[in-house]
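What TrEMBL lists as transmembrane segment is A:7-28, A:79-103, A:115-136, A:167-188, A:222-245, A:265-286. Sequence annotations record features per position, and here TrEMBL assigns domain 'ABC transmembrane type-1' to A:80-286.
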Amino acid sequence: MNLRRLILIAIPYLWLLLFFLIPFGIVLKISLSETAIAIPPYTPTLDLSAGWQGFTAYLSELDFDNFSFLAEDDLYWKAFLSSLTISVVSTLLTLAVGFPIAYGMANAPEEWRPSLMVLVILPFWTSFLIRVYAWMGILSQGGLLNQFLIWTGLIDTPLTILNTNTAVYIGIVYTYLPFMVLPIYATLEKLDNSLLEAAEDLGCSRIQAFWLVTAPLSRPGVIAGCFLVFIPVLGEFVIPSLLGGSGTLMIGKVLWEEFFTNRDWPVASAVAVVLLLILIIPITLFQRNQQAQREADE
Amino acid sequence: MQQTANGCGFAPWQDPNEEPLIRFEGVTKKFGEFTAVDRLDVDIFKGEFFALLGPSGCGKTTLMRMLAGFEKPTEGRILLDGRDIGPVPPNKRAVNMMFQSYALFPHLSVAENIAFGLKRSDMPKTEIPGRVDEMLGLVQLREFAGRKPHQISGGQRQRVALARALAKAPKLLLLDEPLGALDKKLRQQTQFELVDIQEKTGTTFVIVTHDQEEAMTVATRVAVMDHGRLIQVDTPDRIYEMPNSVYVADFIGDVNLIEGNVASTEGERVEISWAEGQPLIVGSSASPLAAGTRCSFAIRPEKVAISAERPPDAVNAISGNIHDIAYLGNISTYHVRLDTGHIVKAQTANSRRIGRRDFTWEDAVWLSFTDTAGIVLTG
């Protein structure tokens, strides 16, 4: 009985150890190393044949130079800051688009709801990369959007959308919308309609009832949706590199360039470690929100 | 109307000069093809505790939701204090509702729930806490003011819902199955609290319920509904003693129904032939009946006496055998099979311990009742 429990508990921890903690340990170690023209492209590497003395020598060669480099070169700070701004803005944009969709779904006739749900999830069935490429086709100078706007006569010269931050926002909102819609829909769908009737009965207009009842009661879903968008967007790399321009500075992109263009593994690892540390804050807050929600439900 | 129902003599529906608070004028409500409320007329007076009673789907909830403003009549008018409230939205009506689910706002405390309606009214901000405290006192929940709805018991939630609905001092309070979620003991106790609060505040209450006992206990008048129509609107005692139809007699309480034909009439006294070779049943009818009319004789089990010998002076006496005995503690119901095959229920109070019961299964017994105990119904 006790052994079985131990094994059950051990499995997720072993999983975490193997696929998160050990890789993170390796990344952390690389971030403390120095770049070198070698395979792998950093030094020192661990040589077990040298025994204990070799190990201590190996440890003594590790230092925090890469981290102080990150602090000195303003590129990284700017990239972190710009990533943060883009994440916050695009999370709010996704909320602005996602909430009405979730609200509409929750108020749709019951027999429509499963189909609407499938429509929200449907884009996931195509490759994410292909969908982002499709946006390139839509947003480019000669793309569908510009053709359409010129055809309607709203503009004479094509707009430059692709390779700007606007395109990045469009791409992020489009890609992450389901993560916002689904948790909000889940809370709105649970909402007892008689609460709104009670609010009206007690003197609220429809709009007041929305702000005084629907909005506060959908808060857990809104918070969950915001975190589910904010956390992955912070490290997003594909969307800014495909839709963004040279001016779009995001930490995921910087990381990629350090690794593959500069082949500077130690600095790239240091960036990854800092990114993780920054992400721990919202993830912890998210966990707390989930827990508070569970307690309130009981 | 010959008598007043309740002791205090409150019976505005008998006064032709009294203006009703609520008047339904030919109100019909259709949902697509389905008619929920069918050409309904009724007056409800100020200070009444009016119960809408009926099985689920009879239209009683629709009627209430039209009063609250959540549904609009398809035809007809609803007048509140003489004014048509059809075009008035729910948030502008001097009518408040206590919901079946209570619909307490889970994110607000008990006090904030009660203050919710007051904050939307034109009451000065400084007076709101006083009014909230007054309502908390009325429902005895002062020490729970700061709790959230999920931190209090079901009975307390019910009282918060009541206090919230009463806080704005509405002209009319609607209660949708207010005690449905409570267990039996608490329900009985709460019924009296409701009546108490209704009397204290002087508010007109309209209650929707499918529980006839609840309707009988709290209401000044009971309206029995079926298929969107009012079958009978009357005081609880008259609904019980003088039902106007088989439906009402059968719906309220337990009743024996014997079908037959009117043999002869003499004033209110009616003789009914109901089976070959059996003596005629003598009953009474409120309305004159022609001989030969098909009718039902309705008599309550507690008005049927059971004895071993034929009572010498009984107007009606029928013999039979005891088929079944239902022992309910305080009373016993004897199911007596007549020679004709009819089963008639007779109820006696168990004033003695069960070991000394007079009758047992298969005993030959006589059932007797007076000529005014049962009534003759044609509807």
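Using N, Cα and C of the backbone, Cβ positions are placed for all residues, glycine too.
Unlike curated entries, TrEMBL annotations are predicted automatically.
Beyond its flanks by at least six residues, the transmembrane segment (A:167-188) meets 86, 89-90, 93-95, 97-99, 101-103, 105-107, 117, 120-121, 123-124, 128, 131-132, 135, 139, 161, 214, 217-222, 224-226, 228-229, 232-233, 236, 239-240, 242-244, 248, 250 of its own chain at Cβ-Cβ distances under 8 Å.
Most Cβ pairs under 8 A with the transmembrane segment (A:222-245) among the ranges A:7-28, A:115-136, A:265-286 are made by A:265-286. Same-chain neighbours of the transmembrane segment (A:115-136): 101, 105, 108, 143, 162, 167, 170-171, 174-175, 177-178, 181-182, 185, 238-239, 242-243, counting only residues six or more beyond its ends whose CB sits under 8 Å from a CB of the stretch.
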